[in-house]
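Asks: My structure is below; once you've seen it, I'll send some questions.
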Amino acid sequence: MGSRSSHAAVIPDGDSIRRETGFSQASLLRLHHRFRALDRNKKGYLSRMDLQQIGALAVNPLGDRIIESFFPDGSQRVDFPGFVRVLAHFRPVEDEDTETQDPKKPEPLNSRRNKLHYAFQLYDLDRDGKISRHEMLQVLRLMVGVQVTEEQLENIADRTVQEADEDGDGAVSFVEFTKSLEKMDVEQKMSIRILK
């Protein structure tokens, strides 16, 4: 029992980060260990180059977009709390996440809505709150590469935007994006199991 509080002291603001992200103490300690391993020069923060060392991101077609999500507003570094906040979007939804939700508190970072918002931002390259045909095409190019012809990609982008675009403005808003994915199990598809 005493070891739990001594481990918490290793992570500055550990209890606050745990409450905000929903990670267990054990998961938070593992993430802190991973953060320190990525921070090879012991700077206390990570750069884009540090995150590019993560193999799963290096082979992910959206890896660069995911890495960018760690650096909001053009910042050049991410500290441990920021690192964990981004990763919290990928934390699987547990039964206790929905059972104990206080309506006065902010929605958990791993809620369906927050997972969808995170995914939406990966597509909304210019951050204007809409996914245009051009943005959809850019993301599709990243995801399929040369396996599909340019004409096929353009057709897929056109069809995807047309199917989701309910107001006819030629782009997909967050509300439209959410509606188009209502039948998808986003909670599980956007989850990475982190050992407890």
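Glycine residues also receive a Cβ, built from the backbone N, Cα and C atoms like all the rest.
OK, Swiss-Prot features for this one:
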- GLY2: N-myristoyl glycine (LIPID)
- 26-61: domain 'EF-hand 1' (DOMAIN)
- SER27: phosphoserine (MOD_RES)
- 71-106: domain 'EF-hand 2' (DOMAIN)
- 111-146: domain 'EF-hand 3' (DOMAIN)
- ASP124, ASP126, ASP128, LYS130, GLU135: Ca(2+) 1 binding site (BINDING)
- 152-187: domain 'EF-hand 4' (DOMAIN)
- ASP165, ASP167, ASP169, GLU176: Ca(2+) 2 binding site (BINDING)
Asks: Between the Cα atoms of ASP167 (Ca(2+) 2 binding site) and ASP126 (Ca(2+) 1 binding site), what distance do you get, rounded to the nearest Å?
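Replies: The separation of the Cα atoms works out to 20 Å.
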Asks: Can you tell me which parts of the same chain pack against the domain 'EF-hand 4' (152-187), counting only residues 6+ beyond its ends and a CB-CB cutoff under 8 A?
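Replies: For the domain 'EF-hand 4' (152-187), the nonlocal Cβ contacts are 92-93, 110, 112-113, 115-117, 119-120, 123, 129-133, 136-137, 140-141, 144.
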Asks: Should LYS130 (Ca(2+) 1 binding site) be counted as helix, strand, or coil on the basis of DSSP?
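Replies: The three-state answer is strand.
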Asks: Could you tell me what the rest of the chain brings near the domain 'EF-hand 3' (111-146), counting residues at least six beyond its ends with Cβ under 8 Å?
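Replies: Same-chain contacts beyond the ends: 61-62, 64-66, 69, 89-90, 93, 97, 153-154, 156-158, 160-161, 169-174, 177-178, 181, 186-187, 190.
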Asks: Can you name every residue in this chain, apart from ASP124, ASP126, ASP128, LYS130, GLU135, with its Cβ inside 8 Å of the center of the Cβ atoms of the recorded Ca(2+) 1 site?
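Replies: Going along the sequence, the neighbours appear as TYR123, LEU125, ARG127, GLY129, ILE131, SER132, ALA171.
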Asks: Using Cβ-Cβ distances, find the residues under 8 Å from ASP126 (Ca(2+) 1 binding site) that belong to the same chain and are at least 6 apart in sequence, listing them in sequence order.
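Replies: In sequence order, the residues whose Cβ lies under 8 Å from that of ASP126 (Ca(2+) 1 binding site) (at least 6 apart) are SER132, GLU135.
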